[in-house]
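Worksheet for the structure shown next.
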Amino acid sequence: MLNTLIVGASGYAGAELVSYVNRHPHMTITALTVSAQSNDAGKLISDLHPQLKGIVDLPLQPMSDVRDFSADVDVVFLATAHEVSHDLAPQFLQAGCVVFDLSGAFRVNDRAFYEKYYGFTHQYPELLEQAVYGLAEWNVDKLNTANLIAVPGCYPTAAQLSLKPLIDGGLLDLTQWPVINATSGVSGAGRKAAISNSFCEVSLQPYGVFTHRHQPEIAVHLGAEVIFTPHLGNFPRGILETITCRLKAGVTHAQVADVLQKAYGDKPLVRLYDKGVPALKNVVGLPFCDIGFAVQGEHLIVVATEDNLLKGAAAQAVQCANIRFGFAETQSLI
């Protein structure tokens, strides 16, 4: 059994991790922690997230010193803010743990990226070099031996799963940048209260136009520029992305379908649509990314859906852990 610590367990993604790890036959939860200053310290996880009542009734322990929790721990999931993960990950690695970080702290190997988009100076360039980007379907070989896994962002997961096989397959005319219009539920903004996320305020609105940190994350890992516009929708969870691309002259519907099938035909957590395009309701609460597309002449529209808290966060983290330790990829997920 892998002794597993979940840091930042009080949040939405943290609670999903608790659920997955609790039912994993090869993992056991050693502790659930929050920051020492958290108002949730000392509360039961099941009081904050009642869906866990009678299933996981562990307390949220305040953590001020990593050494109090790292002994005999094999796996650490960090469901923490970017700056917090930046500080904690090196300490857990030093203690011999394998770290799965759900924040953006180690996703891009460029210190200037963090100053520009995250507002802090990255102190661990050697870990940026070592970190493996956890886009699970595409990085299996590297994940097998990784000790620091940077779980991709929610928007970048759906965008890259949609575009990577098309770009790598040489089907797109990249002189016209792919345009990604993405809408996420309010849970993507986290559990902390904010006026902009309150019931009476939330509507349907773009945000972070030309400035969102997920745009460079997508572009860096695709090796191609994109235009990315996120939107906040008036629903709790899930992401739908509509991606408009130009195909190279002569590329057919059948070629697009073939490239996607070759990429994901044996990938259990990506579901391809033979006809039509996916709806959000079919992935909420599930660990899948659903992908469908339509072609008209040289124009291609790809639609991808996922649960932002699952395939966009907790489920992909556990999927990466399954790959890292040689378990079935879908263990505890489906």
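A Cβ is built for glycine as well, from the same backbone N, Cα and C atoms used for every other residue.
Residues or ranges marked as active site in Swiss-Prot: Cys154. For the recorded site, Cys154 (active site), the DSSP three-state label reads helix.
Within 10 Å of the C-beta atom of Cys154 (active site) sit 28 other C-beta atoms, taking all shown protein chains into account.
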